[in-house]
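S.K.: What follows is a structure written as structure tokens; I'll ask about it next.
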Ligand code: GLU
């Protein structure tokens, strides 16, 4: 297995220092292992993805000194691969159509005998009689396609979280609006691009059992995983645009920061530099050890950052 890594942003907005810190970590893991580092644009959602955001995200990665190998891949240009994977699952009799709305899923989940994890699909459309199915088909609505996951329990060892276990629900493979779903695309791409180590924010930890099951069903090798803590705002919530100057552009305008200052903040937050020290990604790479990574989320207080 390779140790190749990737950063896979969705081009729905500008990266903030929290996103950039995750990118830096993914870069450090890969470069430290002398492996390739790829950037993949996860632009599956046509309503939210913008080419301008993609350009800005790439420019910001480069501005803090990160480089990547090979051409940028865009998920919007890879639908055939996802379609082929879907057909493979269909041939294995693992796919069924689902007409449930969000409200129906919530309702069915709360009426279920055993409590379901939040967002888990209770399996309503898996059990439809022929008559019920015909009725839904007659509605004319295009169904989503779900994986028949068999309520399988999947466990894996995360580099930071240790042993993680989850029961996989019948998650969506293909959305009713005709776009491939996140989990399917990510698994196909990580497999196709021979990613050996997935480094990403720990908000995605819960998706990983789903992705591992899909890898197995598609005959793909599982990468290893490191789910890194997200950057929080002082209110304890995940850092976001509403927290003030959090992007390179805003930090420049509001605080006079250069991209190197943002890199410096990231380095300090990772325990890889002293406050005020000038660093480069190459220097950070020489200091980086996955084992000494902080396990606690860092906090970024936009208002508290000194102007440079
Ligand atoms: N595109 C996802 C995001 O921006 C990341 C997916 C991944 O790293 O697996 O949150």
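All positions are counted from 1 along the displayed chain.
From the backbone N, Cα and C atoms, a Cβ is placed for every residue, glycine too.
Automatic, uncurated: that is what TrEMBL annotation is.
Relevant sequence annotations retrieved from TrEMBL are reproduced here:
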- 6, 7, 8, 9, 10, 42, 182, 200: L-glutamate binding site (BINDING)
- 6-254: domain 'Glutamyl/glutaminyl-tRNA synthetase class Ib catalytic' (DOMAIN)
- 9-19: motif ''HIGH' region' (MOTIF)
- 98, 100, 121, 125: Zn(2+) binding site (BINDING)
- 241: ATP binding site (BINDING)
- 284-308: region 'Disordered' (REGION)
S.K.: Sequence gap of 6 or more, Cβ distance under 8 Å: name the residues on the same chain that satisfy this around residue 100 (Zn(2+) binding site), in order along the sequence.
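M.R.: For residue 100 (Zn(2+) binding site), the qualifying residues are 108, 121, 124, 125.
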S.K.: On the DSSP side of things, how many residues of the motif ''HIGH' region' (9-19) fall into helix, strand and coil, could you say?
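M.R.: Summed by class, the stretch gives 3 helix, 1 strand, 7 coil.
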S.K.: Short question: which residues 6 or more past the ends of the motif ''HIGH' region' (9-19) have a Cβ under 8 Å from it?
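M.R.: For the motif ''HIGH' region' (9-19), the far contacts come to 39, 41-45, 48-51, 53-54, 56-57, 60-61, 201, 230-231, 238-241, 246-249, 251, 262, 265-266, 300.
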S.K.: Against which stretches of its own chain does the region 'Disordered' (284-308) lie, if we need a Cβ under 8 Å and a gap of at least six residues from its ends?
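M.R.: Distant Cβ neighbours of the region 'Disordered' (284-308) are 17-18, 21, 24-25, 28-29, 31-32, 159-160, 226, 228-234, 239, 243-246, 251, 254-258, 261, 265, 267, 269-273.
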S.K.: Of 6, 200, 241, the binding-site residues given in the record, which has the fewest other CB atoms within 10 A of its CB?
M.R.: 241
S.K.: What's the longest C-alpha separation between any two of 6, 7, 8, 9, 10, 42, 182, 200, the listed L-glutamate-binding residues, in angstrom?
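M.R.: Pairwise Cα check on 6, 7, 8, 9, 10, 42, 182, 200 gives a maximum of 16 Å.
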S.K.: Which ones in the same chain are close to residue 7 (L-glutamate binding site), with CB under 8 Å and 6+ residues apart in sequence?
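M.R.: For residue 7 (L-glutamate binding site), the qualifying residues are 22, 23, 26, 27, 37, 38, 39, 40, 61, 68.
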S.K.: Can you tell me how far the Cα of residue 182 (L-glutamate binding site) sits from the Cα of residue 241 (ATP binding site), in Å?
M.R.: 23
S.K.: Return the residues near residue 98 (Zn(2+) binding site), defined as same-chain residues 6+ apart in sequence whose C-beta is under 8 angstroms from its C-beta, sorted by sequence, else 'none'.
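M.R.: Result: 121, 124, 125, 143, 144, 145, 146, 170, 172.
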S.K.: Which binding-site residues among 7, 98, 100, 121, 182, 241 have CB under 6 Å of ligand 1?
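M.R.: The binding-site residues passing the 6 Å Cβ test: none.
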S.K.: In Å, rounded, how far does the Cα of residue 9 (L-glutamate binding site) sit from the Cα of the residue listed as 'ATP binding site'?
M.R.: 16
S.K.: Please list residues from the chain of residue 10 (L-glutamate binding site) whose Cβ is under 8 angstroms from its Cβ, counting only those at least six apart in sequence.
M.R.: 41, 42, 43, 44, 45, 48, 49
S.K.: If the L-glutamate site is taken as the center of the Cβ atoms of 6, 7, 8, 9, 10, 42, 182, 200, which further residues of that chain fall within 8 Å of it by their Cβ?
M.R.: 40, 41, 186
S.K.: For the domain 'Glutamyl/glutaminyl-tRNA synthetase class Ib catalytic' (6-254), what's the model's average pLDDT?
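M.R.: Taking every residue of the domain 'Glutamyl/glutaminyl-tRNA synthetase class Ib catalytic' (6-254) together, the mean pLDDT is 95.
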S.K.: Suppose the Zn(2+) site is 98, 100, 121, 125. Which further residues of the same chain have a Cβ inside 8 angstroms of that site's Cβ centroid?
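M.R.: Near the Zn(2+) site, beyond 98, 100, 121, 125, sit 99, 104, 105, 122, 123, 124, 126, 144, 146, 170.
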